[in-house]
Amino acid sequence: MDVFGIPIQALMGQLMLGIVNGSFYAVMSLGLAIIFGVLKIVNFAHGAFFMLGAFTAFLLAQHLGANYWTTLLVAPLAVALFGMLFEWLFLRRLYGLDPIYGLLLTFSLVLVLEGGFRVAFGSSGQPFATPEALQGAINLGFMYLPVYRGFVIVAALLICLVTWFVIERTALGASLRAATERAELTQAFGINVPRLVTLTYGVGVGLAGFAGVLAAPIFHVNPSMGSSLVIIIFAVVVIGGLGSIMGAIVTGLGLGVVEGFTRVFYSEFSSTIVFLVMVLVLLLRPAGLFGREEG
Amino acid sequence: MQLRYLTWPLLAVGLLALLAVPFFPQVVYIVFVMKALCFVLFACAFNLLLGHTGILSFGHAAFFGTGAYVTGHLVKTYGLPTELGILAGGLVAALLGAVIGALAIRRSGIYLAMITLAMSQLVFFFFLQAPFAGAEDGLQRIPRGTFLGVLDLNNDTALYYVVVGIVGGGLWVVWRTVNSPFGHVLRAIREHEPRAISLGYPVARYKVLVFSLSAGLSGIAGSLKAIIFQLAALYDVHWHTSGDVILMTLLGGMNTVFGPAVGAAIVAALNHYLDPFGAWVTVIIGVVFMACVLTFRQGVVGELSRLLNRRRIAPLRQPAGRRTRAHH
Amino acid sequence: MSAKSPIKAIALSSAALAMGTACSAMASNGFSDDVVRIGVLTDMSGIYTDLSGEAAVEAVRMAVEDFGGEVGGVPIEVTYGDHRNRADTGASRAREWYDSEGVDMINDLSNSGVALAVAAVADERQRHAIVNSSSNIGLTNEYCSPYVTHYTYDAHSLAHGTGKSIVEDGGDTWFFLTVDFAFGVGLEEQVSEVVREAGGEVLGAARHPLNTTDFSSYALQAQASGAEIIGIASTGADAINAINALSEFGVSPDQRPAALLLWYDDIESLGLETAQGLLLTNAFYWDANEETREFSERFYERTGRMPNMAQAGNYSSTMHYLNAIEAAGSDDPDAVSKQMRELEINDFFAKGGHIRPNGRMVHDQYLWEVKAPDESEYDYDYLRLVTTIPGEEAFQPLEDSTCHLLDNDE
């Protein structure tokens with residue numbers, strides 16, 4: 001059976017790969033969405049934190065001989081710590097101002113991080129081996145899926161679910177959501193809102209770092225690896241509905257699939273399609289697919 | 001309003017300095033000044049939206065680049081006279097601005113910014129694919145031609161004065177717009193849109209109009225750049241350029257008319273004079289921007305005027321009474 | 001002496017007068033301003049920093065030092081600039097160098113948009129430019145100039161190097177993974193032509209946007225095509241990601257990737273484990289013979305890296321330019337241009353190399369294969385020579401060039 005001249009088997013394969021790619025988008029945009037939700041700041045440095053995650057993993061493996069599982073745990077934490085430091089030192093001075101200043105500050109951070117890594121490690125990047133336990137491929141009937149790609153889906157969805165659970169179902173998440181809606185009132189209830197905000201930023205960029213470590217064995221680790229990703233992630237979050245956790249996850253996966261199919265039918269357009277989708281969504285559903293319309 | 005007293009002398013000194021540039025090649029390179037002037041016009045045109053109407057466009061590269069490509073293509077392939085080519089670049093950009101503006105202003109804030117970003121990505125895709133644009137090689141060897149059939153623009157000095165004239169004209173349009181009844185309505189929209197609507201202003205039409213004007217002037221800036229460097233390249237339509245113009249505007253001060261001009265000059269100079277630092281240049285620019293956001297948020301000109309007006313409370317707003325003049 | 005028309009000379013001197021500077025006015029013999037200045041215009045801060053960047057500047061400095069630091073009794077100065085991968089920035093810097101800083105020759109010019117823009121300025125200002133690290137063959141065709149030299153490689157040599165050798169070796173069905181840029185599409189078309197001429201077949205192509213990270217979809221398309229050879233018409237991060245994906249998705253033993261422009265540095269970032277068996281055309285490899293090793297070890301001591309073909313080309317072309325000045329006894333651009341095209345190039349980089357009237361430097365190209373990890377015996381031991389492609393075969397036949405300096409059309 002063929003669809004537009006392409007065997008259905010091949011399309012199933014592309015669907016699968018779209019989900020893998022979408023998993024990265026989901027983790028990344030989840031981080032961006034919770035940062036926006038709480039800090040009301042568009043974190044332009046999200047792609048740079050993605051790169052930071054991948055590079056930290058590389059450095060840990062290279063110089064300390066850390067195995068993959070350690071890096072998967074340590075690198076996102078390191079990225080989160082760095083992010084919290086950045087928030088604590090600089091970003092918090094801009095709260096309550098026009099969001100454009102936050103955009104500008106995080107953009108400057110991109111220049112510093114990418115430029116700095118290029119000075120330190122050159123532009124051409126580093127090899128990163130797939131962990132031995134995850135080498136090889138599984139036969140899915142319609143394709144051979146490399147085990148590592150399967151692992152990416154599982155790991156990404158797991159971290160998304162955990163994050164969603166913490167935010168929607170725990171006390172910590174409840175105060176977080178309260179701080180999002182009414183920061184001053186929450187503060188009055190004795191909750192340390194500034195600390196909560198710092199933590200949120202840490203978690204958000206930590207997720208980007210996690211995606212970076214996941215990406216390291218399959219995408220080329222180099223200083224500019226996150227720079228073209230960031231505006232796609234913006235688009236994903238806006239399409240999902242700003243601040244909507246579920247929206248970011250579902251849209252991330254969905255757009256991965258849409259992009260995957262575009263690669264088959266009109267490959268040149270594959271990095272642009274997400275913007276076409278965004279225009280259409282915003283014109284038809286002003287608050288995005290999963291966002292709440294505000295009066 | 002002490003800065004107001006200083007405005008005219010400062011402008012006069014600036015203009016004299018600009019006119020003198022060709023006579024002091026050892027001080028500053030003339031082509032660099034021309035390039036900076038293009039960005040000056042671009043940033044001031046952009047600020048019609050950001051500073052004066054309160055609209056953040058994250059897709060202004062689309063207009064700048066469209067101006068560059070349209071002018072380049074018309075002049076190179078169809079032999080259109082340079083001045084008509086520049087005019088055409090501005091007009092097409094203004095038209096595009098009207099279309100994108102009409103779509104974008106249906107939303108506000110970050111959503112509006114994202115629509116403009118998305119539309120500019122589509123424009124980028126068009127120029128990436130269009131056979132005449134030459135993809136990453138760009139549209140090369142655009143002839144400079146003559147101005148009005150008499151002035152040979154291959155002479156840098158002649159071209160320089162033409163560029164100064166056109167950019168000056170563009171800035172005059174910006175200044176007139178801001179200080180016209182139209183400009184006061186725009187400020188009313190920025191300060192309190194619902195009130196502007198309830199006062200009976202066709203706010204949407206005003207917004208599209210100012211969008212189109214801003215796009216048109218940005219297009220002319222791009223056209224001039226295409227003529228100066230005899231090329232139009234993908235970077236002109238890339239979203240990085242949209243980001244650059246936001247930076248310039250904020251750096252100079254978005255609440256002033258000519259602050260963005262100063263910002264544009266600073267960014268151009270940073271890009272031009274930091275070469276000796278080699279690979280560190282990106283880091284240095286990043287640190288400079290960071291310091292600016294954290295320390296003088298009003299921008300260079302904004303902070304300057306604040307210093308001069310320290311005793312006044314809200315010096316950057318127009319007196320409230322003047323808004324009423326905006327009634328037709 | 002000079003070939004300039006009187007009108008041009010007047011225009012030039014009046015322009016110089018208007019600018020109030022004497023340094024752009026040239027004497028008809030001897031040296032223009034008692035110093036020969038070479039500008040290295042390169043990517044110091046972007047994605048090509050490893051391919052050219054500071055090491056390219058160092059290569060030019062080495063050439064100047066080895067030449068003795070002066071030519072015809074005047075000192076040689078080296079300056080450098082960053083084009084930021086923007087054609088306008090590059091063109092602006094080139095103009096400034098030629099107009100007000102007395103730069104006589106600009107070298108390197110990574111990024112083809114920058115190279116084309118600077119070539120235009122060089123032609124207009126009648127000063128030299130030598131392109132070492134971009135591939136656009138327009139430089140020796142519609143945009144050729146007596147002052148522009150295209151030195152190390154070009155799209156034609158890449159296509160005819162890798163493409164032809166592989167087809168002759170029996171790899172006659174092809175599928176391309178092409179970056180959707182003029183560079184990629186042009187390369188794909190050229191190789192396709194070579195493949196078809198040699199009796200092979202092109203089964204299809206997937207054109208991906210620049211900076212695509214996830215190539216899995218394309219790996220699947222390439223697999224499904226059933227082609228024996230998967231031609232990768234991209235470079236840098238795109239090529240690396242593509243090769244990684246092909247290896248990850250286990251392109252079967254009867255399918256083989258061929259990189260159409262892979263840099264020595266790219267092999268390092270791929271790692272031999274993934275890169276082994278890849279075929280690539282490079283004009284230079286540090287470990288080819290005694291002479292290349294001698295140069296490369298000196299280069300390594302100064303920069304901490306082995307030279308790639310562009311950096312070696314920067315050295316060789318600078319040397320050639322200085323030799324031409326010495327032979328001409330002047331840095332007058334026309335006289336130097338004439339000598340550059342007459343003198344033969346014989347150094348570690350090229351044997352019997354010569355520059356054609358359209359600016360193309362013709363020299364042998366080499367097809368290499370990447371070694372397996374256990375074949376690599378010492379640091380930086382990456383490549384094995386497969387075959388040498390004589391310069392006359394590798395580069396575009398002169399009669400096909402559309403350069404206006406040739407009388408091909410008449």
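Glycine is treated like the rest: Cβ placed from N, Cα and C.
Copied from TrEMBL, the annotated features are:
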TRANSMEM  B:6-32  transmembrane segment
TRANSMEM  B:39-64  transmembrane segment
TRANSMEM  B:84-103  transmembrane segment
TRANSMEM  B:110-128  transmembrane segment
TRANSMEM  B:158-178  transmembrane segment
TRANSMEM  B:208-233  transmembrane segment
TRANSMEM  B:245-270  transmembrane segment
TRANSMEM  B:277-296  transmembrane segment
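Long-range neighbours of the transmembrane segment (B:6-32) within the same chain, counting only residues 6 or more positions beyond its ends whose Cβ lies under 8 Å from a Cβ of the stretch, are 156-157, 160-161, 164, 168, 228, 258, 268, 272, 308. Tertiary neighbourhood of the transmembrane segment (B:39-64): same-chain residues 93, 96-97, 100, 104-105, 109-110, 112-121, 123-124, 166-167, 170-171, 174, 177-178, 183, 186-187, 189-191, 207, 210-211, 213-222, 224-225, 236-246, 248-249, 252, 254-261, 263-265, 267-268, selected by CB-CB distance under 8 Å and a gap of 6+ residues from either end. Taking pairs at least six residues apart, the transmembrane segment (B:208-233) and the transmembrane segment (B:84-103) share three or more Cβ pairs below 8 Å and count as touching. Residues 11, 32, 35-36, 39-40, 42-44, 46-47, 50-51, 56, 58, 60-61, 64, 171, 174-175, 178, 218, 284-285, 288-289, 292-293, 298-303, 305, 316 of the same chain lie 6+ residues outside the transmembrane segment (B:245-270) yet bring a C-beta within less than 8 angstroms of a C-beta in it.
Counting Cβ pairs closer than 8 Å and at least 6 residues apart in sequence, the transmembrane segment (B:110-128) and the transmembrane segment (B:158-178) reach fewer than three and form no contact. Counting residues 6+ beyond its ends, the transmembrane segment (B:158-178) has Cβ neighbours under 8 Å at 15, 18-19, 21-22, 30, 33-34, 37-38, 40-41, 44-45, 47-48, 52, 86, 144, 147, 151-152, 186, 210, 213, 217, 220-221, 224, 227-228, 257-258, 261 in the same chain.
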